[in-house]
Each structure stands twice: as C-alpha cells, then as structure tokens.
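These come from Swiss-Prot:
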COMPBIAS  320-332  compositional bias 'Polar residues'
MOD_RES   SER296  phosphoserine
MOD_RES   SER299  phosphoserine
REGION    1-141  region 'Q domain'
REGION    137-174  region 'Disordered'
REGION    142-209  region 'GP domain'
REGION    196-360  region 'Disordered'
REGION    210-278  region 'CcN domain'
REGION    279-451  region 'SP domain'
REPEAT    483-521  repeat 'WD 1'
REPEAT    529-568  repeat 'WD 2'
REPEAT    615-654  repeat 'WD 4'
REPEAT    656-695  repeat 'WD 5'
REPEAT    738-771  repeat 'WD 7'
MOTIF     235-238  motif 'Nuclear localization signal'
Amino acid sequence: MYPQGRHPAPHQPGQPGFKFTVAESCDRIKDEFQFLQAQYHSLKVEYDKLANEKTEMQRHYVMYYEMSYGLNIEMHKQTEIAKRLNAILAQIMPFLSQEHQQQVAQAVERAKQVTMTELNAIIGVRGLPNLPLTQQQLQAQHLSHAAHGPPVQLPPHPSGLQPPGIPPVTGSGSGLLALGALGSQAHLPVKDEKNHHDLEHRERESSTNNSVSPSDSLRASEKHRGSSEYSLDPKKRRVEEKDNMSRYDSDGDKSDDLVVDVSNEDPATPRVSPSHSPPENGLDKARALKKDAPNSPASVASSGSTPSSKAKDHPHNDKSSTPGLKSNTPTPRNDAPTPGTSNTPGLRPHPGKPPGMEALTAPALRTPLSIAPPYGTPFMMGHHPEMNGSLTSPGVYPGLHISPQMSAAAAAAYGRTHMPGFDPHPHMRAPVLPASLTSIPGGKPAYSFHVSADGQMQPVPFPPDALIGPGIPRHARQINTLSHGEVVCAVTISNPTRHVYTGGKGCVKIWDISQPGSKSPVSQLDCLNRDNYIRSCKLLPDGRTLIVGGEASTLTIWDLASQTPRIKAELTSSAPACYALAISPDAKVCFSCCSDGNIAVWDLHNQTLVRQFQGHTDGASCIDISHDGTKLWTGGLDNTVRSWDLREGRQLQQHDFTSQIFSLGYCPTGEWLAVGMESSNVEVLHHTKPDKYQLHLHESCVLSLKFAYCGKWFVSTGKDNLLNAWRTPYGASIFQSKESSSVLSCDISADDKYIVTGSGDKKATVYEVIY
C-alpha cells in the first residue's frame, strides 16, 4: 500500500510508531488527490474544447446545408429564366433580317460558352469581403456543374410569362452570395444531436396521455430559440431538457382531453400497408419510419369533428361525460423521426448518397406533383412546395434549429415575403406525366391514386386545367390570428363573412374579422362545464342562432339576435358527448353525432328528439348533409362510413375501411364524398360508383375536412400541422400551409374567399383565398 522508498521513523519507547506513518500517508493521499484533480481539470478543459469544436462543426454543417439549398433553388431559377429568355429570342429572331439573324445567333452561342475562368472571375467580383474562400470555391464548383450539365427539357410555363417571385437575372447572384455570407456570420443554435433525439424519443413516450399540441408548440418554441440560449454545459442542457419534459407532463391547459388512445394496438401488426404509403422524395415511408416500441402509444389529437377520449390511467383527467375510445386497428406513425442525421434510427442513407441526404428528404421539402424537376440534382431537391415564401417558416428544416433571424434574412436575399408556407405551385400548371410513370428520378412519386373496383391503384394523370380555371384558387394568405387561449376544437364562419366563432374549453368566442386590427373577441358564450371542450358549433342559415355541442349530454342553442347573446334552449340526449353537428338546409332539423354511435335527429322548432339513426357500433365522429337535404353521411370509430335516407329514415349504404374515420365532407354539387382517415389518407368516394381516389399528402391522421361551396375544391387538416387544399375529385394539390401545431378544425366561408382553422396552439388562423 505504501511506497518502498519510504523511510520509517525509529521506534521510541513510550511513543506509538504508527503516528508518523499515518500522517505521511495522509499527505501522500492528499498529493495524489490534487494530482488527480489537476488531471481531471485538464481533461475537462479538453472536453470543453472538443465540445466547442463539435458545436462549431454543427454550425458549419447547417451553414453549408443552407448554402446548398439556396444554390439549388438559384440554379433552378436561372435555368428556367435562361430557357424562357431563349424561347423569347427564338420567337423574335425570325423578324430580323437574314444578316442580323446570323449575328444574333452567333452572339447567343457565344453567350452560352461560359468557362471556369469567367465563372471564377464573376464570383470573385460579386463575392462579399467577408465571404470565406471555401464558400466561393463551393459556389464556383456548384455553378460549373450547372453550366456544363446536359440540356434538359422543362415543361413550358403557361403564357410564357415569368412567374411572380423570380428576381431579375442581375440581382440573383448577389442574393445568393448574400445568403452564403449570412450563413458564415450567423450564429446558429444547433443542439447536441444525441440529446435532441433522446428528447424527441421521450416526447413520444410521454405523449400517452397528452395531446400533440404541447409538444408541437414546444418544438416551435425550440426552433425559435436564439443562439444565446444554447449552452455547452451538458449539466445545464440536461436540466433544461428535464424542465422541458416537465412542461410536457404538467401542461394542463393544453388538449389533454383530446386524445384517442390507441395504445393497445398489436405490435406485430404492420403500421402502414405498402399500398397505402407511397415513397416520399425517393425514400420509402416504411423505411423512413421509426419502429415504435410495443409499449409506445400512438396518440391522436382530435378535431371538432373527431371523438374525444380521456386517458384512462389519469384519474384527474377522467370525466364520466366522455367515454374512452379504443381502436384495434393498425395505426400509422404519428410523428416522423427528425431527419437531418444519418444515425437517426430508422433512417438509412441510400448507397452513393452524400451525407446529409436525409435532411433534404424532409417532409417539408417534398414535391407535391409527379413532375420531373428541371434536372436531377446531387441533393434531390427538385421543386419544393414550400419554396415560395416559407423560407421564413420555422418548420422548413425539421430537426435543424435555424434562427428566425437567419431565415428571415435568407428570405429577404431571395426577395420573398414573410408569410407561412403556401405553395401556389406555378410549376404544376403544366401537362403532367402519364399514369404509367409512377416515379420520376429527383421528383416525388405520385400522391394521388385512382383505385378501381377490383382494388387496382394507378397514379392519376391530372388534366391540364387541374390547377387553373374559374373557381380554382392559386394560393391562400394568412391575414389574421385569433388568440382564443384554449385549444380550438371547433370553428365556423358567418354568412355574410363577418364573424368567426371559435370553440375551446367551456366557451365559444365570437370575433369580428371585418376589422383587421381586432385582437380580442366581441363576445364570449359560456357553454357546458368550464373544463369540457366544445366539439362542434353550427350557425343556422339566417345567422341568428348558434348550436353548440361537445363533451356534455346537452346541446346549447344560442340566440344571437338579442342585444347580448343568450341561451334560448338546451337539448338533452342520453349520450355523454356530441362529436359533430349538421343542420338541414331548411334549418328545421339538427343532427348530432353521439359518442354512443347513434345519430340524434332534433326538431329545432319544438326542441324535441324526433328520431335516432342506429348503426355505428362505436362513436359517430363526423357528419355532413347533402345540399338538397335528402341524404346524410356519417363516419365513425367503427371504421365505417354510412349514408342515410332522411325521407325514409333508413340506412342506404355502408363503406368499410381499415382505419377509423375522423372527418368527412359531401361535395355541394353532389356525387363526391371526401373522407379523412386516422391512417393519414384522404379518400374521395363516388356516391354510386365503386371506384374512388386515394390521396397521400398528409403524414398523420386527417382531423377535419371541408368542401368549398362551389364544390371544385376542398381542404383537409391534420395532426401533422398541415392544411391541404385539393382539387375535386382527383386531389391535385392546389396549395399547402404548415402551421405550428395540430390543425383540429376548419371552415370555409360561403363565398369561398376565406378559410379559418383551429389549432392546438390555442389559436385560430384566418386565411384569405387568392384566385
């Protein structure tokens, strides 16, 4: 135990000999401890240095990712501009004299011969003083690939005009370099990847009894964290993550009660069948999915037309008024793993792809139509639906926490306005591919399929007028946010368009959207109990009466014509909850979807229950009525959609599915019924023919659905935060918006000029539809 070279003290009588030995040993132990402490300090300094270097590398990674994305967009822009200018020259040249034609042709040919020396000189002139040489070299290399690439045919732009949003040729290069310089200067908060994925994994496990809304809003706030909040201290990060998790578990104000518990699914059952899940951007969904552990629940936030469920193992959440809902059906994933790292579980890079490919195949960067991009790129970018305006959106790069300052500046460099991620799809307004081509290299496979009576699926060849023509919107613009203060499970718009009604926990708020600056409701209608969610609210055609239903056995009828809104009557049923409401066109009858599966029919004049349609074996979740008032359509948690003859009071048809039905809408012009599934699909059925369309742009359950009053298009919203607008019936994607949380409800104004959505972010959003 002691060193051999120690000199023991001589033994003296009357004095114990071990005293000196113990003291010396203590000194040696102290010395060794101090040595180890110094060594530990040295290692800690080295560790901090490595952590700093790692963070710096991650910053560089995000910077180059931004650069590659910007370069790719710029390359496609310049290719398209050059092609159109070339076409204009070709049209003008015949008007010149023969001599001038030859001179112009030679000048055009000379202009096409761009050498590397000229490219380097151009980049050197345009480069900013603080732009690192490596970035200039990268740009030169990238541009040289574009300059010497093979010629590729592009679909012509209608009318040959330059689409809005493409900057002039002279300013494009400087805008691109500004982005590169910005990337080199910006301080990007990039979290430790391992901790980030661990946190997301714990998020999914902790979502058994919580709605997706808290996690969605927290992710959005994480994406907006400034660089000053990023800490290199692992201890501090662990404390922050612990705090974050406590926020998930303790946020009682979010939609804890809006969960459909499907945690009893069979782990051996495939999550998604291949025929229902086309690949995205060349990566098959089934490969990209992270396999959930057997005990990992799949929680589904519900909409105003979606059934409610209390988590059965949370006594404080249990309410006798709302039954727990169970599902034995296979359930798709609810949250895709965060792309961006090659070591993410379940994300395997394809052979030959450069690192970082997975980040570029993120759902937010998908191409909605099966149109080949101008040419396949090393990054498989192609055209992106979020390209126009959504560079400022925090959801563009999932898993990469890019500061909003940099995103906004990058958008400014490209001349885009600060608005949510809508896609006017100018490139889609061209003839599309034949049905035989299901996938194009560098583009997204088809998302709309025709399913024949025998079950054969074929991609849909869209007609030339799929996205153009009278009554077809080009995009939508967010014009107002209504801060309700609770999760908004129900929305409706008055006719004429002036007021918006938002239903949350225990109350409906009325907003006047005719005044743009209005930030507070004009009235509040307290309904049900304070802790019970409103699930549906419907206005009678005269706009003077509002009917409200939710997590209670009573429906409340409000008189809005009086000086202050008052309760005119209450309708009480035997079911503990109402999930959805419909009003007959003559305003005499109200239909309510009950949690026991029955459809209650109410006489509004006499305020009595006149009939019940019985058929659904589980909760009836959604409802719509035909324009002539003769037929009723209902969807349920028993995986069926049923139609009812209102004159004869009997069931007409039943459609069976493999997934719970969360939303549906019947086309005002007749023929078509759109159905939103728990499985993330939207299916468009014909009311008499057996064939149908299946649409695959949502990544999680489809929570609400509404047809435009013209019948030419409809919108759907989902737990994936998306608002999708589709062409009736074949489902060409008209535009898409990504919100910051699950979109639980939606409505369209009677003039088809406005859309309102209700969100898990405790707000409603008003969009103006642009034609």
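Here the Cβ of each residue, glycine as well, is placed from N, Cα and C on the backbone.
Highest Cβ pair count under 8 Å relative to the repeat 'WD 1' (483-521), across stretches 529-568, 615-654, 656-695, 738-771: 738-771. Confidence for the region 'Q domain' (1-141), expressed as mean pLDDT, is 79. Counting residue by residue with DSSP, the repeat 'WD 1' (483-521) contains 0 helix, 16 strand, 23 coil.
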